[in-house]
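**Q** Relevant sequence annotations retrieved from TrEMBL are reproduced here:
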- B:Tyr112: active site (ACT_SITE)
- B:Asp154: active site, proton donor/acceptor (ACT_SITE)
- B:His255: active site, proton acceptor (ACT_SITE)
- B:Asn7, B:Glu34, B:Asp154, B:Asn156, B:Asp254, B:His255: Mg(2+) binding site (BINDING)
- B:4-255: domain 'Endonuclease/exonuclease/phosphatase' (DOMAIN)
- B:Asn156: site 'Transition state stabilizer' (SITE)
- B:Asp225: site 'Important for catalytic activity' (SITE)
- B:His255: site 'Interaction with DNA substrate' (SITE)
Protein chains: 2
Amino acid sequence: MQVATWNVNSIRTRLTHITNWLQSNPVDVLCLQETKVIDEDFPKSNFEELGYHVYIYGQKAYNGVAIFSRTPLNDISMGFTPILGGTIGEKFDVQKRVITGVVNKTRIINLYVPNGSEIGSEKYEFKLLWLEVLKDYLKTLRDQTSQEFCVCGDFNIALEDKDIYDPKGKENHIMSTPAERQALQNVLSIGLKDAFRKFITEEGHFSWWDYRSAGFIRNRGWRIDHLYLTPKLYEKAISCKIDISPRKLEKPSDHTPVIVEF
Amino acid sequence: MQVATWNVNSIRTRLTHITNWLQSNPVDVLCLQETKVIDEDFPKSNFEELGYHVYIYGQKAYNGVAIFSRTPLNDISMGFTPILGGTIGEKFDVQKRVITGVVNKTRIINLYVPNGSEIGSEKYEFKLLWLEVLKDYLKTLRDQTSQEFCVCGDFNIALEDKDIYDPKGKENHIMSTPAERQALQNVLSIGLKDAFRKFITEEGHFSWWDYRSAGFIRNRGWRIDHLYLTPKLYEKAISCKIDISPRKLEKPSDHTPVIVEF
DNA sequence: GTCGGAAGTG
DNA sequence: CACTTCCGAC
């Protein structure tokens with residue numbers, strides 16, 4: 001089974017990129033972030049025609065996540081609220097960043113972690129808080145079920161220096177501050193391991209390049225799109241790859257897909 | 001000598017269209033309207049590299065005119081104020097619609113006549129007033145000098161029924177009302193003749209097609225971009241042509257160039 | 001309806 | 001640099 005994650009930066013603008021990619025890469029599950037469209041306007045049929053069931057959780061202009069799956073998903077839920085209950089959603093589910101569903105006893109959890117804007121800003125604090133809530137969410141979900149998890153998405157965090165093209169120059173940069181890394185490590189402490197690092201340990205592999213200052217052609221990249229697996233699934237993983245080819249197309253997303261097979 | 005006029009509807013969006021066109025059509029003078037950019041951001045060097053001297057009179061987002069010339073222009077001025085003096089500019093030069101300069105003893109006057117929006121509206125009245133001021137401007141300029149004039153630009157007026165694809169359906173339409181036609185005839189009465197009509201008298205030749213409802217592919221056009229010449233220059237004119245090819249490109253301006261040779 | 005630019009976010 | 005919405009223009 002293959003699961004891919006891809007921040008597409010607008011499903012509508014990237015429509016042909018995504019359908020073309022799926023035809024060459026008929027993954028079982030595709031998790032998308034930054035769809036940037038309300039559910040009513042989501043171009044579902046384009047993907048249904050390719051044989052996918054489409055699950056969406058979108059909003060106007062910002063954020064928005066979706067899961068496409070060749071077989072129907074079970075136990076679908078959107079946002080933190082269905083799992084955590086209470087009023088947590090009033091603060092955290094206004095932004096549509098979380099969608100989950102189960103296929104083959106494996107729970108797919110698709111995330112779009114807040115970007116954080118600038119260190120110390122309100123958005124930065126929100127990102128750190130959001131990651132705390134995420135840990136609760138994952139822990140609760142894991143305790144409730146005996147499912148294996150594939151937690152994937154755009155984390156907007158490079159966990160290690162080798163995940164950044166110029167770590168020295170990025171020591172106090174958004175997406176690589178100690179606080180962000182610690183917050184993500186704390187999430188992973190519930191029992192999640194990075195599928196990519198099972199196979200590739202060296203530096204210089206990236207999933208995102210800034211549109212600005214020719215980030216891609218100078219390979220000034222970051223590895224911030226991740227697939228994290230619970231132990232049994234991690235053991236079963238047989239490959240994890242970044243496909244940089246969509247980033248080379250005309251009008252690309254700034255992110256490129258990452259695919260795990262298990 | 002060849003002089004062309006072209007409402008480009010944003011110099012920045014049309015940059016490659018214009019440079020490509022100039023390479024195939026190395027006219028001596030190109031008059032542009034609706035450049036839609038402040039002078040600071042005008043992409044001058046792209047045209048200087050092609051051997052043109054660039055004279056610009058722009059504003060933010062709307063209007064804006066420019067003249068490119070293979071040889072330097074003399075006696076350049078922008079707006080009505082330098083010629084008419086007084087406070088006329090407070091009302092009329094806020095919108096950047098007039099630029100002029102002299103080459104080979106011929107004065108090029110490049111105009112972007114107000115569109116007029118809807119009949120009877122404030123903008124419609126402004127258009128009619130603007131044309132009265134234009135007449136004063138041209139008369140004053142002509143009395144001051146012994147130059148021949150080439151008065152060109154987007155006039156937003158189709159002078160005759162045969163300049164419209166469907167004159168019957170446009171009897172009370174902006175750009176062809178009797179008042180607009182009369183106002184333009186009044187301007188021309190100072191001694192200006194339509195270069196295009198020296199060569200082509202039949203109907204069905206257009207320089208503008210509405211973006212809406214597939215105006216171009218259905219050839220629902222208007223001839224509203226004109227080159228008017230004073231008598232001696234008119235006698236010397238050897239051709240005047242509309243080049244519809246740029247209108248066929250991807251993301252075209254809604255107008256296409258008109259070229260006179262004398 | 002179909003453009004273009006502006007402002008805000010990433 | 002590239003998205004979005006909003007708005008003005010035509």
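All residue numbers here begin at 1 and follow the chain in the order shown.
Any Cβ shown, glycine's included, is placed from N, Cα and C.
Unlike curated entries, TrEMBL annotations are predicted automatically.
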**Q** Give me the CA-CA distance between the residue listed as 'active site' and B:Asn156 (Mg(2+) binding site), in Å, as a whole number.
**A** 8
**Q** List, in sequence order, the residues of the same chain other than B:Asn7, B:Glu34, B:Asp154, B:Asn156, B:Asp254, B:His255 whose Cβ lies within 8 Å of the centroid of the Cβ atoms of the recorded Mg(2+) site.
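**A** Going along the sequence, the neighbours come out as B:Asn9, B:Gln33, B:Tyr112, B:Trp208, B:Ile224, B:Asp225, B:Ser253.
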**Q** Within the domain 'Endonuclease/exonuclease/phosphatase' (B:4-255), what mean pLDDT does the predicted structure show?
**A** 96
**Q** By a 10 A CB contact count over all chains shown, which of the binding-site residues listed here is most packed: B:Asn7, B:Asn156?
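**A** Buried the deepest by this measure is B:Asn7.
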**Q** Near B:Asp225 (site 'Important for catalytic activity'), which recorded positions out of B:Asn7, B:Glu34, B:His255 have their CA within 10 Å?
**A** B:Asn7, B:His255
**Q** Around the Cβ of the residue listed as 'active site', how many other Cβ atoms lie within 10 Å? Please give the count over every shown protein chain.
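**A** By my count, 26.
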**Q** Tell me, how many other CB atoms lie within 10 A of the CB of B:Glu34 (Mg(2+) binding site), whichever protein chain they belong to?
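**A** B:Glu34 (Mg(2+) binding site): 24 neighbouring Cβ atoms within 10 Å.
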**Q** Quick one: among the recorded positions B:Asp154, B:Asp225, B:Asp254, which has the most Cβ atoms sitting within 10 Å of its own Cβ?
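**A** The largest 10 Å Cβ neighbour count belongs to B:Asp154.
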**Q** Roughly how many Å lie between the Cα atoms of B:Asn156 (Mg(2+) binding site) and B:His255 (active site, proton acceptor), rounded to a whole value?
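**A** Cα-Cα, rounded: 11 Å.
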**Q** CB neighbours of the residue listed as 'active site, proton acceptor' within 10 A?
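**A** So the Cβ neighbour count for the residue listed as 'active site, proton acceptor' comes to 23.
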